Amino acid sequence: MHNIHRRHFLKAAGAVTAGLVTANIALNANASSVAPKPRVGKSVIGLIAPKMELVRVGFIGVGERGFSHVEQFCHLEGVELKAICDTHQAVIDRAVEHIVKQNRPKPAVYTGNDLSYRELLNRDDIDIVIISTPWEWHAPMAIDTMESGKHAFVEVPLALTVEECWQLVDTAERTQKNCMMMENVNYGREELMVLNMVRQGVFGELLHGEAAYIHELRWQMKEIDHKTGSWRTYWHTKRNGNLYPTHGLGPISQYMNINRGDRFDYLTSMSSPALGRALYAKREFPADHERNQLKYINGDMSTSLIKTVKGRTIMVQHDTTTPRPYSRHNLIQGTNGVFAGFPNRIAVEHGGFGKSYHEWDMDMQKWYDKYDHPLWQRIGKEAEINGGHGGMDFVMLWRMVYCLRNGEALDQDVYDGAAWSVVNILSEQSLNNRSNSVNFPDFTRGAWEHATPLGIVGA
């Protein structure tokens, strides 16, 4: 979707749908103040939608990220691209042109204002909706999608407040519709190989994980009227916490069976000073430029520690400001050894091809030969050709479509999206209370204790 400018950001999406609590309210509400409400439907853990011969897709938002999804869907079998919506005509024209060039029927187009997406939702020939819009629109649009009888697939993060998380859970349970936050990193080749290794016991009993989103993005501040920086920059002036936790946390959560035998219990968080963006603005923009009038409050480095009910620990970091190489950490430690990413390396006590666990084994090929994930073995070449963050985007969308067409449960559900996203809010709450711990809501309402762990998913 056309990146909503500052006036929309400051208005907040609460004006979009009456009764929805959104980005600019309840930012500091304690998680415990939103206790589990009585379930109005039934749990959607393991929800299986009726098989779809064809998956008919609508897209809300076809800008930078949304257009990438359009490109990937054009390479998938068993899908129809029925309609697109955006408030920016140029990105609509680009998406339509691309779809037609791929010898697919021209999609219907909805535009004109911020609520035009509701016209798309009124169609009866759409099964799923891909939502790729600025963050404050994710929850309202996903709720409206499920209320319209369609499955919602939402870009990260899923929600921006604890109340939004509960509204998404309640709506999914009442409508019995999927609401999947599309955490693409869970489908990376390394992440899925490690999931395979974890399930086969290579690392022993899991103890500790480390996750991060360390990605220098100051350059986005130069995106003034369009693109991600035109709205994402302002979040650094509104919140102080982990703004974007899910890329690193998603894979660690699946390794540890979070919401499927374990769950997040509580969190504590700290942030460094917020210096880098003001320094960058001073260096890169005129003194009277709007970027130099902003007060950047989000600490350059946010570090949170999560304790699970089973006693495991997870470190989660966020830094999109300082000059340093990209990393998601992706470290998982067990009683028999450890995997760490960026760069990939392994050390195990038993089963390490003769390598001592006192030294990192950085020769990954033999590990791929033995533990490469079935999904990557099957469609890895297609994924590499079609791209999308090294192929993980293609694998994610392929797997989504496969599950919908074959009557299988999705790999991520609304509870996962809520638990991973709520770190954003809880990290801020902890920081504002001298880093004291904050409890995680149990969005599953106790169902996590008996949920079947995610297996080595395949096809």
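Here the Cβ of each residue, glycine as well, is placed from N, Cα and C on the backbone.
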Worksheet item: If Swiss-Prot gives Y213, R232, Y244, P245, T246, H247 as binding substrate, which of Y117, Y280, Y296, Y326 does it give for that site as well?
Response: Y326
Worksheet item: Which residue of N184, N196, N292 does Swiss-Prot report at the same NAD(+) site as E64, R65, D86, W135, E136, W137, H138, E155, V156, Y244?
Response: N184
Discussion item. Which one is it: of the binding-site residues E64, D86, E136, which Cβ has the fewest other Cβ atoms within 10 Å in this structure?
Written reply: E64
Fill in: Spatial separation of V156 (NAD(+) binding site) from T246 (substrate binding site) - C-alpha basis, Å
7
Item to complete: Please list residues from the chain of Y213 (substrate binding site) whose Cβ is under 8 angstroms from its Cβ, counting only those at least six apart in sequence.
Response: Y244, P245, H247, G248, Q317, H318, D319, T320, R328
Worksheet entry | Farthest-apart CA atoms of Y213, R232, Y244, P245, T246, H247, Y326, residues recorded for substrate, distance in Å | 19
Item to complete: Would you mind ranking the binding-site residues H138, H247 by how many other Cβ atoms sit within 10 Å of each Cβ and giving me the lowest?
Response: H247
Worksheet item: For the NAD(+) binding residues given in the record (E64, R65, D86, W135, E136, W137, H138, E155, V156, N184, Y244), what is the largest pairwise C-alpha separation in angstrom?
Response: 24
Worksheet item: In which DSSP state, out of helix, strand and coil, do we find Y213 (substrate binding site)?
Response: strand
Worksheet entry | Lowest local Cβ density among Y244, T246, which the record lists as binding-site residues, within 10 Å | Y244
